[in-house]
Structures are given as C-alpha cells and as structure tokens.
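Asker: Copying in the features that Swiss-Prot gives for the protein in this structure:
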COMPBIAS  342-352  compositional bias 'Low complexity'
DISULFID  Cys110-Cys187  disulfide bond
LIPID     Cys322  S-palmitoyl cysteine
LIPID     Cys323  S-palmitoyl cysteine
MOD_RES   Lys296  N6-(retinylidene)lysine
REGION    331-352  region 'Disordered'
TOPO_DOM  1-36  topological domain 'Extracellular'
TOPO_DOM  62-73  topological domain 'Cytoplasmic'
TOPO_DOM  97-110  topological domain 'Extracellular'
TOPO_DOM  134-152  topological domain 'Cytoplasmic'
TOPO_DOM  174-202  topological domain 'Extracellular'
TOPO_DOM  225-252  topological domain 'Cytoplasmic'
TOPO_DOM  275-286  topological domain 'Extracellular'
TOPO_DOM  309-352  topological domain 'Cytoplasmic'
TRANSMEM  37-61  transmembrane segment
TRANSMEM  74-96  transmembrane segment
TRANSMEM  111-133  transmembrane segment
TRANSMEM  153-173  transmembrane segment
TRANSMEM  203-224  transmembrane segment
TRANSMEM  253-274  transmembrane segment
TRANSMEM  287-308  transmembrane segment
Amino acid sequence: MNGTEGPFFYIPMVNTTGIVRSPYEYPQYYLVNPAAYAALGAYMFFLILTGFPINFLTLYVTLEHKKLRTALNLILLNLAVADLFMVFGGFTTTMYTSMHGYFVLGRLGCNVEGFFATLGGEIALWSLVVLAVERWVVVCKPISNFRFTENHAIMGVAFSWIMAATCAVPPLVGWSRYIPEGMQCSCGVDYYTRAEGFNNESFVIYMFIVHFLAPLIVIFFCYGRLLCAVKEAAAAQQESETTQRAEREVTRMVIIMVIGFLTSWLPYASVAWYIFTHQGTEFGPLFMTIPAFFAKSSALYNPMIYICMNKQFRHCMITTLCCGKNPFEEEEGASTTKTEASSVSSSSVSPA
C-alpha cells in the first residue's frame, strides 16, 4: 500500500521515514508546502464571501416578492438552503482547519463536517434532478393536463432531502465512514481503504450508481427531451423571431446546466472511483483535494446558473438591491414581453 492507514484516517504517503502523523493531532505540512494550506484557506474564504451573500439574497428576495413565491421556486429555495448548508457546514470548517494545517476539530468534527458537506451537496444535486423532471413534464407534456402545484414542489423538496439523507447518514452509523481526505483539512467518504467492519466497497458502489450515475442519466434525458421539444416548436413556426430566440435561450441554458453539473461532480466522482478501484496506487494529496473543491464550489455557481439567469428573479433582485427601483426596468420589460409572445416562451423552458 502506497499510503499509511491509521484509526479513522488514511495518509497518501508511506511512513518509511516515520514522519507521518495523525491528521487529528499534528500539522500535515510534510504532505505539501504550508503555502498550499494558506491558499486553500483563502479559497474557502472566497467561497464563503461570495456563496453566502448570493444564496442568502436568493432566500431574501424570494420571501420579499410575492410573485416569486411559486411552486417551482420552492425547489430553487431548497437549492439555496442546500448551498448554505455547504457554506456553513463545510467551507467554514475547512477554512479553520486549513489555517492549522490539519483537522484540528478531531473525529467528531470530521463526522459533522463530512455529514453537512455531503448532505448539502446531495440536496443540491437532487434538487437539480427535480428541476429537470419538472421542466420535462411541463414543457414536453408526457402527462396531459399536468400542472406543477405547491404539493408537487413540497414532494420534490422532501424527495431531495430523503435521497440526500440516504447518502450522508450511512457513514455515521457504520456503513462506510468519514475520514480526512486530500490535504487532511476536510472530510469525505472513505474511498481509500477496505477497513474491516465498515463495508466501504458496497457503499461506494451504491453511492456511485444511485447518487451519481442515476442523477446524470435523468438530467441528460430530461433536458435532451426539452431541447427536442423546443426545436420541434421552432420548426413549426420557422418565421417566428420570438420562437427562434426562445430556442437559442433554451439551448444556451441547457448547455450551461449540463456543463455546470459535469464541472461540479464528474471530476470528483471520477477521481473517487479511480482511487476506490486502484487502492494501493500511489497518488498525492492534491489528487483528491482539487476535484473535491470543484464539487464544493457548486454552492457559488449553482444560484448563478439556475436563479440569476431567470429574468423575473433578476428583476426582483435588482429592485431589492436598488431600494425598490429597477434602473433597467424598461429594458427588462421589453425583453420579457418579446419572450412571452412566443408559443415556447422562456418562462416555459427556463429553470423557473
């Protein structure tokens, strides 16, 4: 094994020189330059500084403006809550531990940080799945006369929490475990060892299939069908400028959504699966650290993609920030009027 395994930790370095120490008790500066820990702390501070305001603003603006309190926006609010879970449960902890160079909060802190980071990420992921299914059902109409109501939204929120819990809770009760990973300043599921009594192998396979491949397939299917529906509508009205504009908007939105999903989760899932299937292979601490924080940074660009690109929300947000006035109101109104004139309007094919 090209690493050192101890009680509830795995260090990606062979302890031939005797310098490897527990990441709960000693600084891990022998793994990487101390400057890397400072950079990690700075990056976490940046995510807190940007992720908290934009997600809090999402909650505040939605609660302030009655016209935003729609059934679908409950899912978007759930997404913002999930991102705030990651900010407070994961980013603040990682920033604090990186300042010390090791997981100074101990085993209990590792469980708490790993749980909240996993829970927040999974709630966000399954919220995106619910959004994709909702857009597919509403726009493509596989179920005739279907109307997305508040009850459907509540069920979608409950579904996202249940699915997130089925991923975040098991490591707390003995099916796998949370251990420090990468530079040993944040905690995640144990992909690294086959520790006796934890059944890591079965949990990782379960998590990869149910909590990565399944959401990926659903999102691709739903937005693929959505794009086809918009193209068919545009073909039926080839001379309609507003329809063609709606198609371009949806195409751009779908591309951004897919890229956002893949950028967040594909690197992390791929590296985790590689480590799991190649246990004993030599790799450095940055090998897992970098993709892990690609996934965590989704707390910043999730609301930018799924909420700030919504015209109605953007209008309300500007109104709130400008003390009740929108200096761009005439331009926003004209754009909205043009889009609503289309039989395939942006309100039907955008995330909200």
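Here the Cβ of each residue, glycine as well, is placed from N, Cα and C on the backbone.
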Asker: Can you tell me which parts of the same chain pack against the topological domain 'Extracellular' (97-110), counting only residues 6+ beyond its ends and a CB-CB cutoff under 8 A?
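Answerer: The answer is 8, 23-29, 34, 37-38, 40-41, 44, 178-180, 183-187.
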Asker: I want to check the contact list for Lys296 (N6-(retinylidene)lysine): same chain, sequence separation of six or more, C-beta distance under 8 angstroms. What comes out?
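Answerer: Expected: Leu47, Met86, Gly90, Phe91, Ala117, Gly121.
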Asker: Work out, from DSSP, the number of helix, strand and coil residues along the topological domain 'Extracellular' (275-286).
Answerer: 4 helix, 0 strand, 8 coil
Asker: So how many of the residues in the topological domain 'Cytoplasmic' (62-73) end up helix, strand or coil by DSSP?
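Answerer: In the topological domain 'Cytoplasmic' (62-73), the DSSP-based counts are 9 helix, 0 strand, 3 coil.
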Asker: Checking distant contacts: for the topological domain 'Cytoplasmic' (62-73), what same-chain residues at least six beyond its ends satisfy Cβ-Cβ under 8 A?
Answerer: 131, 134, 148-150, 152-153, 312-313, 316, 319-320, 352
Asker: Where among 111-133, 153-173, 203-224, 253-274 do we find the most Cβ pairs under 8 Å to the transmembrane segment (74-96)?
Answerer: 111-133
Asker: Sort the residues of the topological domain 'Extracellular' (174-202) into helix, strand and coil with DSSP and give the three counts.
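Answerer: Breakdown, helix to coil: 3 helix, 8 strand, 18 coil.
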Asker: Would you kindly list the residues that approach the transmembrane segment (37-61) from elsewhere in its chain, counting only those six or more residues past its ends and only Cβ-Cβ distances under 8 Å?
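Answerer: Tertiary neighbours of the transmembrane segment (37-61) are 29, 68, 76-77, 80-81, 83-84, 86-87, 91-92, 94-95, 98-99, 101, 183, 185, 289, 293, 296-297, 299-300, 303-304, 307-308, 313, 316-317, 320.
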